[in-house]
Amino acid sequence: MLRSSLTRLRINRDASILLRLVQRSRLASSKTPPKPNAFDFHQKRTSETIVPPASSQWTLSSFVRPLPDLGRIPSNVAAYLFCACIAFHIFSEYGFVLEGAYGISMLPTIASDGDWLWISKYYRRGRDLKVGDVVSFRHPIRPGEYAVKRIIGMPGDFVLRDTPEKGHMMMQVPNGHCWLVGDNLTYSRDSRMFGMLPLALITGKVLGPVRWSGWTIPYLEKLEHGLQPAVLDDGDVE
Amino acid sequence: MSTAPNVIRRALNGAYTLTTLTLFVSGTAIFLIDNVAETTRIIGESMTPAISPDYNTTGASDGLLFNKWAPSLRNLNRGDIVLFHSPNDPEKVAVKRVIATEGDSIILDARRRPTRQRDGAELPETRAWDSMMGRVVMVPEGHIWVEGDNWRNSGDSNRYGPISKSLVQGKAVAVVWPPKRFGTRPWEGFRSRTKVTPGEIPRDGEGAGLINAIRNG
């Protein structure tokens, strides 16, 4: 029952296609002039009077030559690609981004090579940052470079200017700045070298390196805060 | 055929088109404003008489077009007007003139001693400035010295010291508001009383030893 109706549908469709083909060929070979279309106005304007369209309604498209058809698929792909680029840029500028890290200054928290850091851009320019956060920032001395260090002092805090064994001068962090130190104290170029960092240079907070469990499944390893509360070591004294 | 399903379908189609068009336009605008160019109004009188000359009388502020294309921000010349994040407040953006670039030696202009705005009392910045006054100060590597044209009322490097070049967001191209000054660059030809001796940070050669030791740890 269904099959017979489907075949009837197909017969009808094929018949209508055939009919349309016949009509078109008849039109092409007919003696009467074809219906005027947009092309004709430009081509025959000088020699013949303009024949209004059959529907006797002038529209803008009556006078404008239509654009050549580029082919629908390539222009769609280009538009989607452009939109994807814009969307990716906005997401990585204001949302989250994955950045590769290289260097030994944050060992053992971040590996010296091959670690990919998941950075949240919500914390850019110092918003909601606290002492102990690992942040990425634009380098103050080498324009165009980025670095990753840990915040040791926020505005108002007192920080040690040098490595603990090498000096005991302390400074107060002024408004709008922070003090950064790398986890690997011996091999880290941080605020002990370039001084207070303006918070405006901070581009985001490192939520953690992306590590692999079992070589196939990525997971985010949360970074330790670094500051432990003071513990009263109340061992029994015999 | 204005049946109910067709009306709904056309309305949804229209809403979809409007949403995607808005997202596309705003996304492209955000990308362009972040990376290519931005116009902003210059409020404050720190750059008079070149920019916003009538700010303290009528409150009228000029609009400037800034070039934010990163490669062209790498070369900053003395005399450029730059847009940068303020070191004292990361959410504020300031516009000042570049007086000296890295490696230059400057002698401070005595008129620009920073004191408290309302009564001229001394601030911690005054003490820092006094220690630099009379001596030749070298602008460190990767930093620039910025000053506002109006020496009477300008919060600039005289207050917070040289700023890092990484803070710079844009370089002024031309005035875009008010219309009668559209396209002009009224800030050119300014003579600063801060004496600048051009210099360079040594990268190779004799003086480079200490600098390279600091750079490379």
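We count from 1, first residue shown onward.
Every residue gets a Cβ built from N, Cα and C, even glycine.
Caution: TrEMBL annotation is automatic and unverified by curators.
Feature annotations, courtesy of TrEMBL:
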| type | residues | note |
| --- | --- | --- |
| DOMAIN | A:81-159 | domain 'Peptidase S26' |
| ACT_SITE | A:S105 | active site |
| ACT_SITE | A:K149 | active site |
| DOMAIN | A:171-207 | domain 'Peptidase S26' |
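Within the chain carrying the domain 'Peptidase S26' (A:171-207), a Cβ under 8 angstroms from the stretch's Cβ atoms is held by residues 97, 104-110, 117-126, 129, 133-138, 140-141, 146, 148-159, 161-163, 220, 222-223, 226, all 6 or more beyond its ends. A:K149 (active site) and A:S105 (active site) have their C-alpha atoms 8 Å apart, to the nearest angstrom. Counting every protein chain shown, the Cβ of A:S105 (active site) has 22 other Cβ atoms within 10 Å.
DSSP assigns A:K149 (active site) to a strand segment in the three-state reduction. Across the domain 'Peptidase S26' (A:81-159), DSSP assigns 20 helix, 30 strand, 29 coil. Looking only at the domain 'Peptidase S26' (A:171-207), the predicted model's pLDDT averages out at 94. Counted within 10 Å of its Cβ, the other Cβ atoms near A:K149 (active site) come to 23, all protein chains included.
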